[in-house]
Amino acid sequence: SLPYGCQIQSHKMKTNRLSICSKLCYAIGGAPYQITGSALGFFLQIYLLDVAQIDAFYASIILFVGRAWDGITDPTVGFLVSRSPWTRFGRMLPWIVLSTPLAVICYFLIFYVPPFEDGKVVWYLFFYCAFQTLQTCFHVPYSALTMFISSEQAERDSATAYRMTIEVLGAVLGTAIQGQIVGMANAPCIPGPGDPVLNATNLSVVDGHNDSLLALPKTAYMIASGVICLVYILCAIVLFFGVREQKEFCRVGSEPISFFQGIKLVMGHGPYVKLVIGFLFTSLAFMLLEGNFALFCTYTLGFRNDFQNILLVIMFSATLAIPFWQWFLTRFGKKTAAYCGTLTAVPSMIVVVVFKSNLIMTYFVSFFAGMGVASAYLMSWSMLPDVVDDFKLENPKSTGHEAIFYSFYVFFSKFSSGISLGISTLSLHFAGYITRGCSQPEAVNITLRVLVSFAPIALMIIGLVVLYFYPIDEKRRQRNRERLREQW
(Lines of atoms letter the chains of each structure in order from A and count residues from 1; the text may use other names and numbers.)
(Lines give C-alpha, C1' and ligand atoms only; values in the text may rest on other atoms or scores of the structure.)
Protein backbone atom coordinates (compact mmCIF):
# COMPACT_ATOMS: atom_id res chain seq x y z
CA SER A 1 0.00 0.00 0.00
CA LEU A 2 1.18 3.52 -0.74
CA PRO A 3 2.30 5.68 2.19
CA TYR A 4 0.87 9.15 2.73
CA GLY A 5 4.19 10.83 1.87
CA CYS A 6 6.62 10.87 -1.02
CA GLN A 7 8.83 7.79 -0.88
CA ILE A 8 12.57 7.94 -0.32
CA GLN A 9 13.85 6.52 -3.55
CA SER A 10 15.49 3.28 -2.51
CA HIS A 11 15.30 0.97 0.48
CA LYS A 12 19.05 0.47 0.31
CA MET A 13 19.80 4.16 0.28
CA LYS A 14 16.92 5.47 2.34
CA THR A 15 19.30 7.04 4.86
CA ASN A 16 21.11 8.85 2.06
CA ARG A 17 18.97 9.77 -0.94
CA LEU A 18 15.80 11.84 -1.03
CA SER A 19 13.50 11.99 -4.03
CA ILE A 20 12.92 15.32 -5.74
CA CYS A 21 9.28 15.01 -4.71
CA SER A 22 10.26 14.75 -1.04
CA LYS A 23 12.56 17.76 -1.32
CA LEU A 24 9.92 19.87 -3.04
CA CYS A 25 7.20 18.97 -0.55
CA TYR A 26 9.58 19.68 2.31
CA ALA A 27 10.58 22.99 0.75
CA ILE A 28 6.97 24.11 0.20
CA GLY A 29 6.41 23.76 3.93
CA GLY A 30 8.78 26.67 4.50
CA ALA A 31 6.77 29.07 2.35
CA PRO A 32 4.12 30.11 4.94
CA TYR A 33 6.72 31.49 7.33
CA GLN A 34 8.31 33.60 4.61
CA ILE A 35 5.04 34.68 2.96
CA THR A 36 3.63 36.02 6.21
CA GLY A 37 7.05 37.20 7.36
CA SER A 38 7.67 39.32 4.26
CA ALA A 39 4.16 40.76 4.34
CA LEU A 40 4.45 41.65 8.02
CA GLY A 41 8.06 42.78 7.74
CA PHE A 42 7.54 45.13 4.81
CA PHE A 43 3.98 46.30 5.43
CA LEU A 44 2.93 45.98 9.09
CA GLN A 45 4.74 49.11 10.19
CA ILE A 46 3.28 51.32 7.47
CA TYR A 47 -0.14 49.66 7.95
CA LEU A 48 -0.22 50.45 11.67
CA LEU A 49 0.94 54.02 11.09
CA ASP A 50 -1.02 55.07 8.01
CA VAL A 51 -4.08 52.77 7.82
CA ALA A 52 -4.86 51.71 11.38
CA GLN A 53 -3.60 55.18 12.40
CA ILE A 54 -1.80 53.99 15.51
CA ASP A 55 0.52 56.58 17.04
CA ALA A 56 4.18 55.82 16.24
CA PHE A 57 5.00 55.35 19.93
CA TYR A 58 2.28 52.70 20.41
CA ALA A 59 3.12 51.12 17.07
CA SER A 60 6.70 50.66 18.29
CA ILE A 61 5.36 48.94 21.42
CA ILE A 62 3.19 46.59 19.34
CA LEU A 63 6.06 45.67 17.03
CA PHE A 64 8.65 45.22 19.75
CA VAL A 65 6.48 43.36 22.27
CA GLY A 66 5.04 41.14 19.54
CA ARG A 67 8.44 40.07 18.29
CA ALA A 68 9.93 39.80 21.78
CA TRP A 69 7.02 37.57 22.83
CA ASP A 70 7.52 35.56 19.68
CA GLY A 71 11.16 35.10 20.60
CA ILE A 72 10.30 33.93 24.11
CA THR A 73 7.93 31.28 22.76
CA ASP A 74 10.58 29.73 20.49
CA PRO A 75 12.73 28.03 23.17
CA THR A 76 9.57 27.00 25.02
CA VAL A 77 8.04 25.39 21.95
CA GLY A 78 11.39 23.85 21.03
CA PHE A 79 11.60 22.24 24.46
CA LEU A 80 8.00 20.98 24.26
CA VAL A 81 8.59 19.58 20.76
CA SER A 82 11.72 17.75 21.94
CA ARG A 83 9.65 16.14 24.72
CA SER A 84 6.74 15.26 22.44
CA PRO A 85 6.04 11.55 21.88
CA TRP A 86 6.37 10.00 18.46
CA THR A 87 3.09 9.40 16.65
CA ARG A 88 2.27 7.54 13.45
CA PHE A 89 2.84 10.88 11.66
CA GLY A 90 6.10 11.66 13.47
CA ARG A 91 6.99 14.12 16.20
CA MET A 92 7.15 17.38 14.21
CA LEU A 93 4.27 17.14 11.72
CA PRO A 94 1.38 17.06 14.26
CA TRP A 95 2.51 20.41 15.65
CA ILE A 96 2.48 21.88 12.15
CA VAL A 97 -1.01 20.63 11.29
CA LEU A 98 -2.71 21.54 14.56
CA SER A 99 -1.33 25.09 14.70
CA THR A 100 -2.26 26.07 11.14
CA PRO A 101 -6.05 26.82 11.45
CA LEU A 102 -5.70 29.13 14.46
CA ALA A 103 -2.63 30.81 12.98
CA VAL A 104 -4.43 31.90 9.79
CA ILE A 105 -7.38 33.28 11.80
CA CYS A 106 -5.07 35.42 13.93
CA TYR A 107 -3.12 36.57 10.86
CA PHE A 108 -6.29 37.74 9.15
CA LEU A 109 -7.40 39.69 12.22
CA ILE A 110 -4.08 41.54 12.35
CA PHE A 111 -5.09 43.31 9.13
CA TYR A 112 -8.63 44.03 10.25
CA VAL A 113 -9.27 47.51 11.65
CA PRO A 114 -11.69 47.13 14.59
CA PRO A 115 -14.69 49.53 14.81
CA PHE A 116 -13.47 51.14 18.03
CA GLU A 117 -10.59 53.38 19.07
CA ASP A 118 -9.95 52.86 22.78
CA GLY A 119 -8.89 49.21 22.61
CA LYS A 120 -7.26 49.27 19.19
CA VAL A 121 -3.70 48.98 20.52
CA VAL A 122 -4.68 46.00 22.68
CA TRP A 123 -6.40 44.38 19.66
CA TYR A 124 -3.30 44.49 17.48
CA LEU A 125 -0.96 43.51 20.30
CA PHE A 126 -3.09 40.47 21.22
CA PHE A 127 -3.55 39.08 17.72
CA TYR A 128 0.03 39.85 16.71
CA CYS A 129 1.35 37.95 19.75
CA ALA A 130 -1.16 35.13 19.21
CA PHE A 131 -0.19 34.73 15.57
CA GLN A 132 3.52 34.73 16.39
CA THR A 133 2.97 32.04 19.03
CA LEU A 134 0.99 29.81 16.68
CA GLN A 135 3.43 30.33 13.85
CA THR A 136 6.23 29.31 16.21
CA CYS A 137 4.35 26.04 16.74
CA PHE A 138 4.62 25.62 12.96
CA HIS A 139 8.10 26.92 12.23
CA VAL A 140 10.20 25.42 15.04
CA PRO A 141 9.10 21.82 14.30
CA TYR A 142 9.47 22.50 10.59
CA SER A 143 13.02 23.80 11.05
CA ALA A 144 13.99 20.79 13.17
CA LEU A 145 12.45 18.50 10.55
CA THR A 146 15.64 18.99 8.51
CA MET A 147 17.41 16.53 10.81
CA PHE A 148 14.74 13.84 10.33
CA ILE A 149 14.53 13.61 6.56
CA SER A 150 18.03 12.24 5.94
CA SER A 151 21.21 11.35 7.81
CA GLU A 152 23.40 12.50 4.90
CA GLN A 153 24.80 16.05 4.99
CA ALA A 154 24.76 16.41 1.20
CA GLU A 155 21.09 15.45 1.03
CA ARG A 156 20.18 17.81 3.86
CA ASP A 157 22.13 20.60 2.15
CA SER A 158 20.31 19.86 -1.09
CA ALA A 159 16.94 19.86 0.67
CA THR A 160 17.91 23.11 2.39
CA ALA A 161 18.73 24.67 -0.99
CA TYR A 162 15.28 23.58 -2.26
CA ARG A 163 13.78 25.03 0.91
CA MET A 164 15.63 28.33 0.60
CA THR A 165 14.57 28.69 -3.04
CA ILE A 166 10.92 28.07 -2.16
CA GLU A 167 11.15 30.30 0.90
CA VAL A 168 12.54 33.18 -1.12
CA LEU A 169 9.81 32.53 -3.69
CA GLY A 170 7.41 32.61 -0.75
CA ALA A 171 8.84 35.95 0.31
CA VAL A 172 8.39 37.16 -3.27
CA LEU A 173 4.82 35.86 -3.25
CA GLY A 174 4.05 37.52 0.07
CA THR A 175 5.54 40.80 -1.13
CA ALA A 176 3.68 40.53 -4.44
CA ILE A 177 0.28 39.66 -2.95
CA GLN A 178 0.44 42.28 -0.24
CA GLY A 179 2.20 44.93 -2.32
CA GLN A 180 0.22 44.69 -5.53
CA ILE A 181 -3.20 44.50 -3.88
CA VAL A 182 -2.43 47.24 -1.36
CA GLY A 183 -0.60 49.31 -3.98
CA MET A 184 -3.80 49.67 -5.98
CA ALA A 185 -5.58 51.22 -3.00
CA ASN A 186 -3.28 53.90 -1.59
CA ALA A 187 -5.17 56.47 0.44
CA PRO A 188 -4.53 60.13 -0.42
CA CYS A 189 -1.85 61.68 1.75
CA ILE A 190 -2.47 64.64 4.01
CA PRO A 191 -0.47 67.77 3.01
CA GLY A 192 1.67 69.25 5.74
CA PRO A 193 2.88 72.80 6.36
CA GLY A 194 5.67 72.51 3.82
CA ASP A 195 3.69 70.74 1.09
CA PRO A 196 1.95 72.43 -1.85
CA VAL A 197 -1.62 73.09 -0.74
CA LEU A 198 -4.50 73.39 -3.16
CA ASN A 199 -6.73 75.41 -0.86
CA ALA A 200 -8.20 75.34 2.61
CA THR A 201 -11.49 73.89 1.36
CA ASN A 202 -9.79 70.85 -0.13
CA LEU A 203 -7.88 70.29 3.09
CA SER A 204 -11.07 70.29 5.13
CA VAL A 205 -12.56 67.74 2.74
CA VAL A 206 -9.62 65.41 3.38
CA ASP A 207 -9.98 65.79 7.13
CA GLY A 208 -13.78 65.46 7.10
CA HIS A 209 -13.85 62.25 5.08
CA ASN A 210 -10.89 60.51 6.67
CA ASP A 211 -12.79 57.27 7.30
CA SER A 212 -14.15 57.04 3.75
CA LEU A 213 -10.70 57.71 2.31
CA LEU A 214 -9.29 54.83 4.38
CA ALA A 215 -12.08 52.38 3.49
CA LEU A 216 -10.36 51.22 0.28
CA PRO A 217 -6.92 50.62 1.86
CA LYS A 218 -8.56 48.77 4.77
CA THR A 219 -10.42 46.49 2.36
CA ALA A 220 -7.27 45.92 0.29
CA TYR A 221 -5.27 44.82 3.34
CA MET A 222 -8.05 42.40 4.33
CA ILE A 223 -8.20 40.89 0.82
CA ALA A 224 -4.43 40.48 0.73
CA SER A 225 -4.37 38.82 4.15
CA GLY A 226 -7.20 36.47 3.10
CA VAL A 227 -5.27 35.33 0.02
CA ILE A 228 -2.15 34.77 2.11
CA CYS A 229 -4.14 32.70 4.60
CA LEU A 230 -5.32 30.39 1.81
CA VAL A 231 -1.76 29.90 0.55
CA TYR A 232 -0.61 29.20 4.13
CA ILE A 233 -3.17 26.38 4.47
CA LEU A 234 -2.32 24.84 1.09
CA CYS A 235 1.40 24.75 1.90
CA ALA A 236 0.74 23.06 5.26
CA ILE A 237 -1.34 20.39 3.50
CA VAL A 238 1.42 19.70 0.94
CA LEU A 239 4.02 19.40 3.71
CA PHE A 240 1.92 17.00 5.77
CA PHE A 241 1.04 14.65 2.92
CA GLY A 242 4.34 14.99 1.06
CA VAL A 243 7.02 14.40 3.70
CA ARG A 244 7.75 11.34 5.80
CA GLU A 245 9.45 11.99 9.11
CA GLN A 246 12.06 9.26 9.62
CA LYS A 247 12.23 8.08 13.21
CA GLU A 248 15.35 6.02 12.60
CA PHE A 249 17.33 9.23 12.09
CA CYS A 250 16.71 10.15 15.72
CA ARG A 251 18.86 8.04 17.98
CA VAL A 252 16.90 7.66 21.15
CA GLY A 253 18.31 6.54 24.46
CA SER A 254 19.30 9.67 26.37
CA GLU A 255 17.36 10.54 29.49
CA PRO A 256 14.90 13.47 29.27
CA ILE A 257 16.36 16.72 30.55
CA SER A 258 14.77 19.84 31.99
CA PHE A 259 14.23 23.05 30.03
CA PHE A 260 17.11 24.87 31.70
CA GLN A 261 19.41 21.88 31.31
CA GLY A 262 18.64 21.97 27.60
CA ILE A 263 19.51 25.66 27.46
CA LYS A 264 22.80 25.06 29.27
CA LEU A 265 23.67 22.14 27.01
CA VAL A 266 22.92 23.96 23.76
CA MET A 267 24.43 27.32 24.70
CA GLY A 268 27.55 25.55 25.99
CA HIS A 269 28.47 24.40 22.49
CA GLY A 270 31.00 26.96 21.24
CA PRO A 271 30.45 26.69 17.45
CA TYR A 272 26.71 27.13 17.93
CA VAL A 273 27.16 30.24 20.06
CA LYS A 274 29.52 31.85 17.53
CA LEU A 275 27.21 31.02 14.63
CA VAL A 276 24.14 32.40 16.42
CA ILE A 277 25.86 35.63 17.50
CA GLY A 278 27.31 36.21 14.04
CA PHE A 279 24.00 35.76 12.28
CA LEU A 280 22.20 37.67 15.04
CA PHE A 281 23.97 40.84 13.91
CA THR A 282 23.58 40.18 10.20
CA SER A 283 19.90 39.29 10.68
CA LEU A 284 19.39 42.50 12.65
CA ALA A 285 20.93 44.40 9.73
CA PHE A 286 18.58 42.90 7.15
CA MET A 287 15.60 43.30 9.51
CA LEU A 288 16.30 47.02 9.81
CA LEU A 289 16.44 47.27 6.04
CA GLU A 290 13.28 45.22 5.56
CA GLY A 291 11.23 46.96 8.22
CA ASN A 292 11.95 50.51 7.05
CA PHE A 293 12.40 50.17 3.30
CA ALA A 294 8.74 50.80 2.43
CA LEU A 295 8.75 54.06 4.40
CA PHE A 296 12.15 54.97 2.95
CA CYS A 297 10.90 54.49 -0.63
CA THR A 298 7.63 56.29 0.09
CA TYR A 299 8.94 59.39 1.84
CA THR A 300 12.72 59.76 1.46
CA LEU A 301 12.94 58.68 -2.18
CA GLY A 302 9.45 59.92 -3.05
CA PHE A 303 8.32 56.72 -4.79
CA ARG A 304 4.94 56.47 -3.09
CA ASN A 305 3.32 54.64 -6.03
CA ASP A 306 6.31 52.39 -6.82
CA PHE A 307 7.62 51.10 -3.51
CA GLN A 308 5.79 47.76 -3.78
CA ASN A 309 7.44 47.13 -7.16
CA ILE A 310 10.87 47.99 -5.76
CA LEU A 311 10.34 45.47 -2.95
CA LEU A 312 9.29 42.90 -5.53
CA VAL A 313 12.53 43.42 -7.49
CA ILE A 314 14.57 42.77 -4.33
CA MET A 315 12.79 39.51 -3.58
CA PHE A 316 12.75 38.36 -7.22
CA SER A 317 16.50 38.95 -7.43
CA ALA A 318 16.97 36.97 -4.22
CA THR A 319 15.09 34.05 -5.76
CA LEU A 320 17.31 34.03 -8.82
CA ALA A 321 20.45 34.22 -6.67
CA ILE A 322 19.73 31.18 -4.47
CA PRO A 323 21.05 28.59 -7.01
CA PHE A 324 24.19 30.69 -7.50
CA TRP A 325 24.94 30.84 -3.78
CA GLN A 326 24.23 27.11 -3.45
CA TRP A 327 26.86 26.46 -6.14
CA PHE A 328 29.21 28.98 -4.52
CA LEU A 329 29.07 27.35 -1.06
CA THR A 330 29.75 23.89 -2.50
CA ARG A 331 32.68 25.26 -4.50
CA PHE A 332 34.29 27.62 -1.98
CA GLY A 333 32.79 26.61 1.38
CA LYS A 334 29.95 27.91 3.51
CA LYS A 335 31.98 30.36 5.57
CA THR A 336 33.42 32.07 2.49
CA ALA A 337 29.98 32.17 0.91
CA ALA A 338 28.55 33.84 4.03
CA TYR A 339 31.19 36.57 3.84
CA CYS A 340 30.83 37.23 0.12
CA GLY A 341 27.04 37.09 0.19
CA THR A 342 26.66 39.52 3.07
CA LEU A 343 29.11 42.02 1.60
CA THR A 344 27.26 41.94 -1.73
CA ALA A 345 24.47 44.07 -0.25
CA VAL A 346 26.77 46.80 1.14
CA PRO A 347 27.41 48.79 -2.08
CA SER A 348 23.66 48.87 -2.78
CA MET A 349 22.92 50.29 0.66
CA ILE A 350 25.48 53.04 0.15
CA VAL A 351 24.41 54.00 -3.37
CA VAL A 352 20.69 54.22 -2.57
CA VAL A 353 21.21 56.86 0.14
CA VAL A 354 24.19 58.79 -1.26
CA PHE A 355 23.06 59.49 -4.81
CA LYS A 356 20.10 61.62 -5.81
CA SER A 357 16.74 59.87 -5.96
CA ASN A 358 16.32 58.11 -9.31
CA LEU A 359 13.74 55.39 -9.97
CA ILE A 360 15.75 53.46 -12.57
CA MET A 361 18.87 53.48 -10.39
CA THR A 362 16.78 52.37 -7.42
CA TYR A 363 15.52 49.35 -9.37
CA PHE A 364 19.08 48.54 -10.45
CA VAL A 365 20.46 48.84 -6.93
CA SER A 366 17.55 46.81 -5.51
CA PHE A 367 18.39 43.94 -7.84
CA PHE A 368 21.91 43.67 -6.39
CA ALA A 369 20.62 44.10 -2.84
CA GLY A 370 18.48 41.02 -3.44
CA MET A 371 21.63 38.93 -3.93
CA GLY A 372 22.69 39.77 -0.38
CA VAL A 373 19.24 38.89 0.91
CA ALA A 374 19.49 35.49 -0.79
CA SER A 375 22.79 34.78 0.93
CA ALA A 376 21.34 35.70 4.32
CA TYR A 377 18.44 33.29 3.75
CA LEU A 378 20.60 30.38 2.61
CA MET A 379 23.79 30.47 4.66
CA SER A 380 22.38 30.51 8.17
CA TRP A 381 20.05 27.57 7.62
CA SER A 382 22.69 25.69 5.64
CA MET A 383 25.31 26.04 8.40
CA LEU A 384 23.03 25.18 11.31
CA PRO A 385 22.81 21.41 10.61
CA ASP A 386 26.63 21.29 10.62
CA VAL A 387 26.63 22.65 14.18
CA VAL A 388 24.05 20.07 15.26
CA ASP A 389 26.17 17.28 13.74
CA ASP A 390 29.25 18.62 15.51
CA PHE A 391 27.35 18.61 18.80
CA LYS A 392 26.23 15.01 18.26
CA LEU A 393 29.82 13.89 17.75
CA GLU A 394 31.06 15.70 20.84
CA ASN A 395 28.09 14.53 22.93
CA PRO A 396 27.25 11.03 21.65
CA LYS A 397 25.21 10.16 24.74
CA SER A 398 23.01 13.25 24.54
CA THR A 399 20.48 12.99 21.70
CA GLY A 400 17.11 14.33 20.67
CA HIS A 401 17.92 18.04 21.14
CA GLU A 402 17.57 19.16 17.52
CA ALA A 403 14.42 21.18 18.16
CA ILE A 404 16.15 23.09 20.98
CA PHE A 405 19.03 24.07 18.68
CA TYR A 406 16.68 25.30 16.00
CA SER A 407 14.29 27.02 18.39
CA PHE A 408 17.05 29.06 20.01
CA TYR A 409 18.35 30.12 16.63
CA VAL A 410 14.85 31.22 15.63
CA PHE A 411 14.52 32.94 19.02
CA PHE A 412 17.61 35.10 18.46
CA SER A 413 16.54 35.85 14.89
CA LYS A 414 13.10 37.00 16.00
CA PHE A 415 14.47 38.87 18.98
CA SER A 416 16.70 40.85 16.64
CA SER A 417 13.65 41.56 14.50
CA GLY A 418 11.74 42.85 17.52
CA ILE A 419 14.61 45.11 18.51
CA SER A 420 14.96 46.48 14.98
CA LEU A 421 11.24 47.17 14.51
CA GLY A 422 10.79 48.64 17.99
CA ILE A 423 13.83 50.90 17.90
CA SER A 424 13.26 52.06 14.32
CA THR A 425 9.58 52.92 14.87
CA LEU A 426 10.41 54.67 18.15
CA SER A 427 13.16 56.61 16.36
CA LEU A 428 10.62 57.78 13.80
CA HIS A 429 8.32 58.86 16.63
CA PHE A 430 11.02 61.04 18.19
CA ALA A 431 12.02 62.38 14.77
CA GLY A 432 8.46 63.72 14.29
CA TYR A 433 6.85 61.21 11.93
CA ILE A 434 3.57 62.54 10.44
CA THR A 435 0.88 59.88 9.92
CA ARG A 436 -0.17 59.74 6.23
CA GLY A 437 1.79 62.89 5.50
CA CYS A 438 2.56 63.74 1.88
CA SER A 439 6.10 64.41 3.08
CA GLN A 440 8.04 64.06 6.31
CA PRO A 441 10.31 66.41 8.29
CA GLU A 442 13.98 66.31 7.36
CA ALA A 443 14.75 64.61 10.68
CA VAL A 444 12.54 61.67 9.64
CA ASN A 445 14.27 61.40 6.25
CA ILE A 446 17.69 61.39 7.92
CA THR A 447 16.51 58.73 10.38
CA LEU A 448 15.26 56.54 7.52
CA ARG A 449 18.60 56.89 5.70
CA VAL A 450 20.43 55.72 8.80
CA LEU A 451 18.02 52.82 9.36
CA VAL A 452 18.32 51.41 5.82
CA SER A 453 22.01 52.06 5.20
CA PHE A 454 24.57 53.06 7.80
CA ALA A 455 23.18 51.10 10.77
CA PRO A 456 22.76 47.83 8.79
CA ILE A 457 26.28 48.11 7.37
CA ALA A 458 27.77 48.55 10.85
CA LEU A 459 25.83 45.53 12.12
CA MET A 460 26.96 43.41 9.16
CA ILE A 461 30.60 44.22 9.89
CA ILE A 462 30.19 43.19 13.54
CA GLY A 463 28.48 39.95 12.50
CA LEU A 464 31.23 39.05 10.04
CA VAL A 465 33.92 39.72 12.65
CA VAL A 466 32.19 37.25 15.00
CA LEU A 467 31.75 34.75 12.18
CA TYR A 468 35.50 34.88 11.54
CA PHE A 469 35.97 32.89 14.76
CA TYR A 470 33.40 30.25 13.77
CA PRO A 471 35.48 27.03 13.93
CA ILE A 472 33.65 24.65 11.57
CA ASP A 473 35.48 25.10 8.28
CA GLU A 474 35.20 22.78 5.28
CA LYS A 475 37.92 20.45 6.59
CA ARG A 476 36.18 19.94 9.91
CA ARG A 477 32.79 19.62 8.23
CA GLN A 478 34.01 16.86 5.92
CA ARG A 479 35.63 15.06 8.85
CA ASN A 480 32.39 15.21 10.80
CA ARG A 481 30.49 13.85 7.83
CA GLU A 482 32.78 10.84 7.57
CA ARG A 483 32.49 10.13 11.30
CA LEU A 484 28.70 10.30 11.10
CA ARG A 485 28.69 7.91 8.15
CA GLU A 486 30.69 5.41 10.18
CA GLN A 487 28.17 5.67 13.04
CA TRP A 488 25.14 5.16 10.80
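Glycine residues also receive a Cβ, built from the backbone N, Cα and C atoms like all the rest.
According to TrEMBL, the transmembrane segment annotation covers 92-113, 125-149, 220-241, 272-289, 309-329, 336-355, 361-384, 404-426, 446-470.
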Message = If you count every Cβ pair below 8 Å, which range out of 125-149, 272-289, 309-329, 361-384, 404-426 shares the most with the transmembrane segment (336-355)?
response = 361-384
Message = Do any residues, 6 or more residues outside the transmembrane segment (92-113), come within under 8 Å Cβ-to-Cβ of it, and if so which ones?
response = 29, 36, 40, 44, 47, 51-52, 77, 81, 84, 120, 123-124, 127-128, 130-131, 134-135, 137-138, 140-142, 144-145, 148, 214, 218, 221-222, 224-226, 228-229, 232-233, 236, 239-240, 243, 245, 403
Key: Interface present between the transmembrane segment (272-289) and the transmembrane segment (361-384) (three or more C-beta pairs under 8 A)   = yes
Query = the transmembrane segment (309-329): which same-chain residues, six or more beyond its ends, come within Cβ distance under 8 Å?
reply = 38, 42, 161, 164-165, 168-169, 171-172, 175-176, 179-180, 183, 293-294, 297, 303, 336-337, 340-341, 362-363, 366-371, 373-375, 377-379, 382
Note = Given the transmembrane segment (272-289), its same-chain partners at Cβ distance under 8 Å and 6+ residues beyond its ends are 41, 266, 342, 345, 349, 369, 372-373, 376, 379-380, 383-384, 387, 391, 405, 408-409, 412-413, 415-417, 419-421, 424, 451-452, 455-457, 459-460, 462-464, 466-467, 469-471
Inquiry  = At a C-beta cut-off of under 8 Å, are there same-chain residues at least 6 beyond the transmembrane segment (125-149) that contact it? List them, or none.
reply    = 18, 22, 26, 29-30, 32-33, 36, 61-62, 65-67, 69-70, 73-74, 77-78, 81, 90-93, 95-96, 98-100, 102-103, 106-107, 109-110, 155-156, 159-160, 163, 236, 239, 243-247, 249-250, 381, 385, 388, 402-403, 405-407, 409-410, 414
